[in-house]
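Reviewing the structure listed below.
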């Protein structure tokens, strides 16, 4: 029964992950000049929404006072790790060629395996490790299937790929810490796991705090001087609301950005719920499956993006390798392996 519930959660999360990626691309059609503004709206807007939902769930008795009294130091660390992940990722992303970014980001899965073994004392069978390797390989093949840039890291300084890998390490550490909060919280709450909105709200709150502290640095990475930031945010808000002078350039707003923000919020809740039900690694593998599906959907003619693109045979091969890796990872475990999970 539990496996059936996890299977349903996996299916819902894949669907939401694909929807999230596609809507992000569509949201950038009207907001193409203001991606940094859209990122800040999601970061700080989620704090208000998550805490509002948390308050309602507390009033309804779903969230208990004991849940709210869980140690906040873990949430502070999550906030620091996620803010550092954003800073490192943006720093490296500004210096790396486009195809390199999603490929290097696949190190996220590797870091999750390492951290879960070190801090959660988890063990993985050979077929699970091989399955993760095939998933990573499949995503890399699928992503690079249309690239003809050759050795696209040949002219890049060594520090930038390493910084992108470090960004994945920070984010992976945050995801494993969230899983630890659920496990530790179950012990502290005598068998009841913390509500996902407790973890979402405090994690997002501290992330927003540290992103705010790093805002001058982050805006500079996007080519926006700190002194120009108020004007940029004002122009971004005008485009977001489609209330500026050039409404043609912002055609599709505010509908598409709001649709993306809603889908992204539901996706994040679904991901954290999957972490609570299974593990951070299962949630990441689920999200990874959405990458090639999203690429396929985005290759089709869509509203506001009428010109589709053709996928190569190597893309299909990469997807096949990814699916084989997921099947291998999910092969039935022995009783001894299940006990160690």
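A Cβ is built for glycine as well, from the same backbone N, Cα and C atoms used for every other residue.
As annotated by TrEMBL, transmembrane segment applies to 37-56, 68-88, 100-119, 126-146, 158-177, 197-218, 255-275, 282-305, 311-331.
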Listed stretch, out of 37-56, 100-119, 197-218, 255-275, 311-331, that has the most CB pairs under 8 angstroms to the transmembrane segment (126-146): 311-331
The transmembrane segment (100-119) and the transmembrane segment (255-275) contact flag, 3+ Cβ pairs under 8 angstroms: no
The transmembrane segment (37-56) touching the transmembrane segment (255-275) per 3+ Cβ pairs under 8 Å rule: yes
Range from 37-56, 158-177, 197-218 with the greatest count of C-beta pairs under 8 A to the transmembrane segment (68-88): 197-218
Same-chain residues at least 6 beyond the ends of the transmembrane segment (197-218) whose Cβ lies under 8 Å from its Cβ atoms: 36, 40, 43-44, 46-47, 50-51, 53-54, 57, 63, 67-68, 70, 72, 75-76, 78-80, 82-84, 86-87, 90, 174, 178, 181-182, 226, 229, 268-269, 272
